[in-house]
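Below: one structure, written as structure tokens.
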């Protein structure tokens, strides 16, 4: 399931993000790669414990916490602290790879916790017209999905996916990436719950909150979530 979540960050928050990134201490992105993915990773990344990273993390988490589509699609149990990367110049691509199944938090208030990477997420921080290339390419059973979104939008996709970032040939692609351990481990079950939730939201707007069918379907949604969720 690939989900486009719009307007996670407001225009004011994006401006604040750009101001913070203007003096960012970019470093070699290979430091967070596994042995295999390090062979194809060629980008830059902000150090996890740097104050700029921590300020950006607060902005991103605030955007996620208020966004109903993000919650509906991801059903987050744990969110790995957001990381920030840059593709451009000679450090401009990341070849095909699969994310590690479990990530270990090494800084911040949740240091020492492990996060199972059920859902991968990329939040775009640069407008698409400011750089060439840089598409996130996600391989799934329907073929290759190419993603290049407006600044402030994000994409959610299964952590099991083979994916890559195409070479950036002009400008710089700046983004945020992180992983989610979901209350519902199965991608198929999350997809069904998200689709049901979106249809319910439509029915609630068009039929009303007190319609018997709407109340019954709401109960079915929550009973399925109760059956499948692990909190």
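The backbone N, Cα and C atoms fix where each Cβ goes, and this holds for glycine too.
Feature annotation from Swiss-Prot assigns domain 'Fe2OG dioxygenase' to 78-182; the stated evidence is sequence analysis. Helix, strand and coil counts under DSSP for the domain 'Fe2OG dioxygenase' (78-182) come to 3 helix, 60 strand, 42 coil.
Marked as Fe cation binding site by Swiss-Prot: 97, 99, 163.
Other C-beta atoms found within 10 angstroms of the C-beta of residue 173 (2-oxoglutarate binding site) number 27, with every protein chain shown included. Marked as 2-oxoglutarate binding site by Swiss-Prot on the basis of sequence analysis: 173.
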Can you give me the residues near the recorded Fe cation site, meaning same chain, not 97, 99, 163 themselves, Cβ no more than 8 Å from the center of the site's Cβ atoms?
37, 94, 96, 98, 120, 161, 162, 164
Roughly how many Å lie between the Cα atoms of residue 99 (Fe cation binding site) and residue 173 (2-oxoglutarate binding site), rounded to a whole value?
20
For each of 97, 163, count the other CB atoms within 10 A of its CB; which of these binding-site residues has the top count?
163
Mean pLDDT for the domain 'Fe2OG dioxygenase' (78-182), rounded to an integer?
96
